[in-house]
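Among the features that Swiss-Prot reports, active site, nucleophile is placed at CYS146, with the record citing sequence analysis. Residues or ranges marked as dUMP binding site in Swiss-Prot (evidence: sequence analysis): ARG21, ARG126, ARG127, ARG166, SER167, ALA168, ASP169, ASN177, HIS207, LEU208, TYR209. Taken from Swiss-Prot, the feature (6R)-5,10-methylene-5,6,7,8-tetrahydrofolate binding site applies to HIS51, ASP169, ALA263.
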Amino acid sequence: MRAYHDLLTRILSEGVRKEDRTGTGTLSVFGHQMRFDLADGFPLVTTKQLHLRSIIHELLWFLKGDTNVAYLKENGVTIWDEWADANGDLGPVYGKQWRSWAKPEGGTVDQIAWILDEIARNPDSRRLIVSAWNPADLDRMALAPCHCLFQFYVADGRLSCQLYQRSADAFLGVPFNIASYALLTAMMAQVTGLKAGDFVHTFGDAHLYANHLEQTHLQLSREPRPLPRLRLNPEVRSLFDFRFEDIVIEGYEPHPAIKAPVAV
């Protein structure tokens with residue numbers, strides 16, 4: 001995970017001070033890319049402990065097309081609570097856009113199902129793209145999509161994924177995002193009969209909040225440990241059939257967690 005540490009180091013050394021929507025203030029760089037070969041291990045940050053339950057359940061929640069936090073809360077995940085309304089609703093956020101993007105003439109598009117079908121039909125397609133950035137729905141979303149567009153790529157029997165993230169909370173959010181999309185890539189690879197390839201993470205505004213700088217220095221003082229391994233239940237052949245117990249991370253031995261406030 002040196003690539004992640006390099007991102008943190010770059011923001012600290014090159015970042016410009018910017019104001020932001022939350023009023024917290026940030027150090028920010030514009031344009032950065034990381035690449036992880038998933039054959040080398042599962043890219044889970046080891047210099048602080050991450051809450052695996054939240055990462056896995058959030059991805060399953062996205063794939064269900066759900067936009068209410070009830071499922072998350074039932075499974076001990078609170079990462080979306082600050083943005084939910086009194087009924088637990090978040091508006092047409094990620095799950096809605098991934099699974100039922102509204103068409104202007106009526107009806108919806110299931111982008112994830114389309115990708116699965118297109119990989120089977122035409123693995124060389126350059127249209128294997130999912131977007132969560134729907135300008136018509138932004139005003140009704142509790143939080144505009146930060147990780148807003150991703151593309152799959154098939155070559156030599158390997159499935160790779162590139163994510164474009166317009167806004168990236170480098171200390172709290174990015175470790176979750178890396179793990180989530182690496183997991184999605186591995187799950188997609190299994191159900192399409194491919195091997196997991198690279199996960200490429202491309203950023204627009206990558207930033208550290210002003211109240212995360214001390215924690216970032218602490219994390220950078222720690223030596224990364226060997227990456228864990230992901231084990232998926234080989235019996236699962238449909239992406240939408242994956243359950244929490246089908247996803248196991250083995251050999252994760254991180255440094256202790258580092259607490260930091262969430263900018264809302």
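Any Cβ shown, glycine's included, is placed from N, Cα and C.
Of all Cβ atoms in the protein chains displayed, 15 besides its own lie within 10 Å of the Cβ of HIS51 ((6R)-5,10-methylene-5,6,7,8-tetrahydrofolate binding site).
When every Cα pair among ARG21, ARG126, ARG127, ARG166, SER167, ALA168, ASP169, ASN177, HIS207, LEU208, TYR209 is compared, the largest distance found for this dUMP site is 36 Å.
In this structure, the C-alpha atom of ASP169 (dUMP binding site) lies 16 angstrom from that of HIS51 ((6R)-5,10-methylene-5,6,7,8-tetrahydrofolate binding site).
Comparing HIS207 (dUMP binding site) with HIS51 ((6R)-5,10-methylene-5,6,7,8-tetrahydrofolate binding site), their Cα atoms are 21 Å apart once rounded. Neighbour list (ALA263 ((6R)-5,10-methylene-5,6,7,8-tetrahydrofolate binding site), Cβ cut-off 8 Å, at least 6 residues apart, same chain): ASP20, THR22, THR24, ASP169, TYR209, ASN211. Note on proximity: of the binding-site residues ARG21, HIS51, ARG127, SER167, the one nearest CYS146 (active site, nucleophile) is SER167, by Cα distance.
Counting only same-chain residues six or more apart in sequence, the Cβ atoms lying under 8 angstroms from the Cβ of SER167 (dUMP binding site) belong to CYS146, GLY204, ASP205, HIS207.
Long-range Cβ contacts of ARG127 (dUMP binding site) within its own chain (separation 6+, distance under 8 Å): GLU118. Here the CA atom of HIS51 ((6R)-5,10-methylene-5,6,7,8-tetrahydrofolate binding site) lies 26 Å from the CA atom of ARG21 (dUMP binding site). Around ARG21 (dUMP binding site), a 10 Å sphere centred on its CB holds 10 further CB atoms from the protein chains shown.
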